[in-house]
Amino acid sequence: MTNIRKTHPLMKIVNGSFIDLPAPSNISSWWNFGSLLGICLILQILTGLFLAMHYTSDTMTAFSSVTHICRDVNYGWLIRYLHANGASMFFICLFIHVGRGLYYGSYMFMETWNIGVILLFAVMATAFMGYVLPWGQMSFWGATVITNLLSAIPYIGTDLVEWIWGGFSVDKATLTRFFAFHFILPFIIAALAGVHLLFLHETGSNNPSGLSSDTDKIPFHPYYTIKDILGALILILALSSLVLFSPDLLGDPDNYIPANPLNTPPHIKPEWYFLFAYAILRSIPNKLGGVLALVFSILILALMPFLHTSKQRSMMFRPISQCLFWLLVADLLTLTWIGGQPVEHPFVIIGQLASILYFTLILILMPLASLMENNLLKW
């Protein structure tokens with residue numbers, strides 16, 4: 001008799017995806033972050049669901065309802081901080097996951113990669129709207145500043161912003177719709193993640209060498225299930241440490257002040273995971289130019305398959321490209337630091353130079369380095 005695992009319509013899908021899936025024998029810990037992102041998403045949906053049971057999306061009571069969750073709801077403080085810091089862990093895993101894809105040439109799986117870029121945009125949109133919900137000072141002013149960027153779009157800009165606001169400023173209508181979108185988007189993200197996996201399983205996983213691993217496959221279970229569980233334990237340990245010892249480490253103290261449209265905070269800045277893009281936005285003095293640079297800083301990922309000029313897929317055997325990759329990582333860390341600094345000398349010029357370097361590295365230097373390495377192969 002054939003195992004039910006291989007015949008049952010539902011079990012068959014699970015079996016093909018997580019049990020009997022043929023996986024390369026040499027994928028490193030950098031391949032753990034896909035499963036960690038899945039865990040983060042499940043955690044965010046569950047904690048978010050319990051928060052939504054006690055949260056009210058009204059400008060008069062939103063801030064109070066979050067205070068109520070932290071003070072009066074059983075383990076409400078834990079749920080709230082797991083959700084807030086879970087977002088930070090989500091983005092850490094996301095950035096590493098994307099970085100892994102860039103380093104090892106995973107972007108050559110076009111469908112998987114493009115769905116991934118869409119997922120990145122969806123997660124960023126969700127995180128932004130979630131940050132508005134507690135209705136603190138940074139929530140309100142962050143929402144005002146970021147939505148206002150759309151007014152830079154010629155002709156339709158102003159109408160578009162007022163349509164998103166549901167009025168002439170960020171107010172009750174804005175908060176209510178942001179809550180609605182913040183609730184629905186994670187489920188859309190989960191569906192997209194399913195499609196992401198579907199496309200991945202059409203080709204099979206890439207591996208550190210960038211070579212075909214068809215001749216050397218091992219079953220996903222038990223080898224990678226146990227490896228993913230280890231990764232999950234480390235993730236849970238890191239998140240628990242953050243939540244229980246310094247839950248406000250990555251947050252902004254200004255968000256403990258209720259939103260006040262009449263009082264602008266001295267430094268409006270987003271959460272740490274958006275600072276690199278915020279620095280690129282601020283480094284261009286023109287509003288529309290800044291918005292385009294902001295969008296393109298993420299959208300540039302979609303161009304990666306077309307900018308690949310190397311004869312090899314992975315950077316494993318390409319030392320010049322490796323140096324440029326780590327320079328790009330350092331540049332992004334610099335941009336993250338600059339995004340959190342006030343707009344004054346020397347931060348402005350550092351931000352502008354880092355922004356120029358970011359685009360130059362991806363669009364010019366890395367493709368040129370790949371061509372150079374191709375020629376070095378002939379020696």
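Using N, Cα and C of the backbone, Cβ positions are placed for all residues, glycine too.
As recorded in Swiss-Prot, the features of this protein are as follows:
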type: TRANSMEM; residues: 33-53; note: transmembrane segment
type: TRANSMEM; residues: 77-98; note: transmembrane segment
type: BINDING; residues: HIS83, HIS182; note: heme b b562 binding site
type: BINDING; residues: HIS97, HIS196; note: heme b b566 binding site
type: TRANSMEM; residues: 113-133; note: transmembrane segment
type: TRANSMEM; residues: 178-198; note: transmembrane segment
type: BINDING; residues: HIS201; note: ubiquinone binding site
type: TRANSMEM; residues: 226-246; note: transmembrane segment
type: TRANSMEM; residues: 288-308; note: transmembrane segment
type: TRANSMEM; residues: 320-340; note: transmembrane segment
type: TRANSMEM; residues: 347-367; note: transmembrane segment
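The recorded stretches the transmembrane segment (77-98) and the transmembrane segment (347-367) do not share 3+ CB pairs below 8 A when only pairs 6 or more apart in sequence are counted, and are therefore not in contact. Residues 48, 55, 57, 62, 66, 87, 90-91, 94, 98, 101, 106-107, 139-140, 142-143, 146, 174-175, 178-179, 181-182, 185-186, 188-189, 192-193, 195-196, 199, 270-271, 273-274, 298-299, 301-302, 304-305 of the same chain sit 6 or more residues outside the transmembrane segment (113-133) yet have a Cβ under 8 Å from a Cβ within it. Scored on C-beta pairs under 8 angstroms, the neighbour of the transmembrane segment (347-367) with the top count among 33-53, 178-198, 226-246, 320-340 is 320-340.
Comparing C-alpha positions, HIS83 (heme b b562 binding site) sits nearest to HIS97 among the binding-site residues HIS97, HIS196, HIS201. Of all Cβ atoms in the shown protein chains, 21 besides its own fall within 10 Å of the Cβ of HIS182 (heme b b562 binding site). Looking at HIS83, HIS97, HIS196, HIS201, the binding-site residues in this record, the fewest other C-beta atoms within 10 angstroms of the C-beta turn up around HIS201. For the pair HIS201 (ubiquinone binding site) and HIS182 (heme b b562 binding site), the Cα-Cα distance reads 29 Å. Looking at HIS182 (heme b b562 binding site) and HIS97 (heme b b566 binding site), their Cα atoms lie 23 Å from each other.
In the three-state DSSP scheme, HIS196 (heme b b566 binding site) falls into the helix class. According to DSSP, HIS97 (heme b b566 binding site) sits within a helical segment.
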